[in-house]
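Trainee: Okay, here's the structure, questions in a sec.
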Amino acid sequence: MLAFAARTVVKPLGLLKPSSLMKVSGRFKAHQDALPRLPVPPLQQSLDYYLKALQPIVSEEEWAHTKQLVDEFQTSGGVGERLQKGLERRAKKMENWLSEWWLKTAYLQFRQPVVIYSSPGVILPKQDFVDLQGQLRFAAKLIEGVLDFKSMIDNETLPVEFLGGQPLCMNQYYQILSSCRVPGPKQDSVVNFLKSKRPPTHITVVHNYQFFELDVYHSDGTPLTSDQIFVQLEKIWNSSLQSNKEPVGILTSNHRNTWAKAYNNLIKDKVNRESVNSIQKSIFTVCLDKQVPRVSDDVYRNHVAGQMLHGGGSKFNSGNRWFDKTLQFIVAEDGSCGMVYEHAAAEGPPIVALVDHVMEYTKKPELVRSPMVPLPMPKKLRFNITPEIKNDIEKAKQNLSIMIQDLDIMMLTFHHFGKDFPKSEKLSPDAFIQVALQLAYYRIYGQACATYESASLRMFHLGRTDTIRSASIDSLAFVKGMGDSTVPEQQKVELLRKAVQAHRAYTDRAIRGEAFDRHLLGLKLQAIEDLVSMPDIFMDTSYAIAMHFNLSTSQVPAKTDCVMFFGPVVPDGYGICYNPMEAHINFSVSAYNSCAETNAARMAHYLEKALLDMRTLLQNHPRAKL
């Protein structure tokens, strides 16, 4: 069970005005308290939607068997009704009946490494510096931009986001700074110091696998300027010219149980414990990377994506990370930059809103040179490495190397059109892209598959995500019709429009809390909590097929010309993320090399062809002008 690619369909914030210095106390709480609570959908409604979603992905025999199980489950006075009542009681007692369960199930109890399997990476536009000065100047400006965004969070002046005219829960913005995941033997935890009595005033900077604590506020509480931060980054760079022989950070890339053991080992030592505490408490991390290995232009972006997602291995930049840290910004010597974030705290949109703000901020000219004041030397974080820890580091290096070699990742910039074309056809760009994904997959494999697209539940207090299931009866009818020469072109157009509209309708239901995936998960977890034997519908082949997402997808729109990416959630699947810009679309496609049936470049090729064929179909049969 993976971080379920929980990434969402939300309008980006746009550039926020430089933050007001006036603190608006209580505004955040008042806004949050006014949000509706997440409803528990009616049982029969969810089960009907479940049966409908199974039709394109399971055989007729399997479907008929599941229909029987569903009927038994929802008999009057039966187990389904009992579990539903339990969920409804839970919903009355809690601020959000799902959020705590979801955090545990999707993230904290997930035992695979966070690297590749859970934490998304982001590629930002390549910067035009090519030397150390440029790298440090840009990093300093980026840090100043994040602190500017942070002041809006601190002062509660962050503009509220809206979706379909409804205000959204802003809680995730309060989770992404000064927070960190902590490994545990069976379940991890997340620590957050933003609201502590003495909130942290430092960030972590990593260079040559060495960690530094850099104070970014003066004693009077004002933030350092980018000029002042630049001077501090130079000091860090000059005091870490050689790579650390023991890249402690690489331990965070391991399987969670393995890392939990190594972590307990590591923090037995007081010096190590203090260093780890400093990293966990820091506002965020900045990784000053070596340049990405030189490769031809067409694969350069794929290499950069790897650097952002996993660091490229122990010979490159993987030791320059603390993967448990919620936010890590990465700036390399050659101008490539981006970030990786730990997924437990938030979905993509709050991260992208921060990125949009920061990238816009980095373009602002320095109007005044700030006065040079004497600043203390940034503190180097020391680690005492025992033979046992050294051995743990070696094992982590080997495991990471295997994971990296298995990842097949491809960046695609689709130049032919952007969201402008579907909009001109009065079609939702997101739904249009999702139907193209269905067409691409069907053309390769000759069948539909369980497809996950993340839907935001942020209309509700503490809402995270639910699932939009893109493989539908209507999408299957379209992709079959598209390959059938006996189907008239005009009918193909109608099938396409119907498939896009069906996806749009599912999306609208999902963001209103009426999708069935989280509801079924809730019923399953309620059964575990009530210690009743697991109902048959959850032990059924159809349920296993429905939860095996061969396509795990997400739209993460941004104003910045960037794209997010993540690994597939199943061994024989794809991870696909996209940012539809006005006249082009940024895609990322990932697969695993260990699966002979999947190939990221092939999927990207078929996706491009599907989008072009759908455009041609619509252009050849224009809608009648009303």
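Here the Cβ of each residue, glycine as well, is placed from N, Cα and C on the backbone.
Features from Swiss-Prot:
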type: MOD_RES; residues: LYS93; note: N6-succinyllysine
type: MOD_RES; residues: LYS261; note: N6-acetyllysine
type: MOD_RES; residues: LYS261; note: N6-succinyllysine
type: MOD_RES; residues: LYS268; note: N6-acetyllysine
type: ACT_SITE; residues: HIS343; note: active site, proton acceptor
type: BINDING; residues: LYS419, LYS423, SER424, GLU425, LYS426, LEU427, SER428, PRO429, ASP430, SER456, ARG504, GLN555; note: CoA binding site
type: BINDING; residues: TYR452, SER454, THR465; note: (R)-carnitine binding site
Trainee: Cβ distance under 8 Å to LYS426 (CoA binding site), same chain, sequence separation 6 or more: which residues?
Mentor: ARG623
Trainee: Quick one: what's DSSP say for TYR452 ((R)-carnitine binding site), helix, strand or coil?
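Mentor: The three-state answer is strand.
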Trainee: Report the member of SER424, SER428, SER454, THR465 (the binding-site residues) whose C-beta atom has the most other C-beta atoms within 10 angstroms.
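Mentor: The largest 10 Å Cβ neighbour count belongs to THR465.
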Trainee: Hey, what's the widest CA-to-CA gap across LYS419, LYS423, SER424, GLU425, LYS426, LEU427, SER428, PRO429, ASP430, SER456, ARG504, GLN555, the CoA contacts in the record, in Å?
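Mentor: Largest Cα to Cα distance for the CoA-binding set is 25 Å.
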Trainee: What is the separation, in Å, between the Cα atoms of ASP430 (CoA binding site) and LYS261 (N6-acetyllysine)?
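Mentor: Cα to Cα, ASP430 (CoA binding site) and LYS261 (N6-acetyllysine) are separated by 43 Å.
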Trainee: Report the member of LYS261, LYS268, LYS419, ARG504 (the recorded positions) whose C-beta atom has the most other C-beta atoms within 10 angstroms.
Mentor: LYS419
Trainee: Reduced to three states, what secondary structure does DSSP give THR465 ((R)-carnitine binding site)?
Mentor: strand
Trainee: Within 10 Å of the Cβ of TYR452 ((R)-carnitine binding site), how many other Cβ atoms are there?
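Mentor: There are 27 such Cβ atoms around TYR452 ((R)-carnitine binding site).
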Trainee: Whole-number Å only: compute the distance from the Cα of ARG504 (CoA binding site) to the Cα of THR465 ((R)-carnitine binding site).
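Mentor: ARG504 (CoA binding site) and THR465 ((R)-carnitine binding site) have their Cα atoms 16 Å apart.
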Trainee: Among the recorded positions listed here, LYS93, HIS343, which has the most company in the form of other Cβ atoms within 10 Å of its Cβ?
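Mentor: Output for this query is HIS343.
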Trainee: Which of the recorded positions HIS343, LYS419, SER424, SER454, THR465 has its Cα nearest to the Cα of LYS261 (N6-acetyllysine)?
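Mentor: Its closest listed neighbour, by Cα, is HIS343.
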Trainee: Provide, as an integer number of angstrom, the distance between the C-alpha atoms of HIS343 (active site, proton acceptor) and LYS93 (N6-succinyllysine).
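Mentor: Counting only the Cα atoms, the answer is 27 Å.
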Trainee: Can you give me the Cα-Cα distance between LYS268 (N6-acetyllysine) and SER424 (CoA binding site) in Å, rounded to a whole number?
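Mentor: The separation of the Cα atoms works out to 62 Å.
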Trainee: Need one number for the (R)-carnitine-binding residues TYR452, SER454, THR465: the maximum pairwise CA distance in Å, whole number please.
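Mentor: 11 Å is the greatest Cα spacing among the residues binding (R)-carnitine.
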